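In what follows, a structure is listed as structure tokens, so that the remarks can point back to it.
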């Protein structure tokens, strides 16, 4: 996690973009299963506890045997005269059918036995909502990446598992706004803002002004995960072209100055990544090469994970030219200057978990 306070000035208000998207269509629970939890609590009248207990005992048995449109049923019995039903439905439509069907029927049987509601048959508490997913914060995502993304090249990575975990991140502006910046000398340039760097990976927040795009580039031996954070970006993927012998020889002898020609670039896929749809993609040299573009009229931001850190890449153009670009540890991941690039070190404060889950799971909490 970067902590270079000397670079804090690079994130002042004068560099904060004003053309950001006005709203984010993605909601936290859209990352989950779509299941809906329905909670009902009933309390018996003091003089009707025995009758109440008899009815809710039969009701609990009915709920426990439900199979259609439900995924889970729980019944809590705090004491005689009180009951709480927690039913999980596959969808809001299934819950609606339950409320107008079975719930209406059994509440008629509770009429006169419970102490709440004008007609004596309403729950003391009722609440429904979409099941909250186990979504990542930026901190927990970084913890996962540091523990699971290791190795000398992309073949060491469990790409599918890492991709699934990245999809579970719900970006909140309060987490990533500190990394959003523009180049005050050229606000059309994209910027590269370091969120985390170590020997296994660079995690970079890329800020793409309207109309900006990277050069066409490869990823050497690295994995490259991309997830959109704000706005939308397009990934244009190309088949890795053939390289001439002059370039291959120069790359071996003097990679910093290797220049040559390549075959015709062929587009194999174009994907739009946006916060309301498909949010992520993955690339390595076995898959192909790519460029990232912002085709919108607003600033877009995307998080990039390069593992291991990307210190060397080939830059291609449509005219058939190719050259090697070397990055340094202090200036990682320059994707070429199609519209320029600027690297800034971010400042992030790591917030620890709300409680010690590991201690709990190891039975160390008293």
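Cβ coordinates come from backbone N, Cα and C, glycine included.
Marked as region 'Disordered' by TrEMBL: 1-25.
Annotated Fe cation binding site per TrEMBL: 217, 219, 290, in sequence order. All protein chains included, residue 219 (Fe cation binding site) registers 23 other Cβ atoms within 10 Å of its own Cβ.
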Set of same-chain residues at least 6 away whose C-beta sits under 8 angstroms from residue 290 (Fe cation binding site): 216, 217, 235, 236, 237, 238, 283
Neighbour tally for residue 217 (Fe cation binding site), based on other Cβ positions within 10 Å of its Cβ: 24
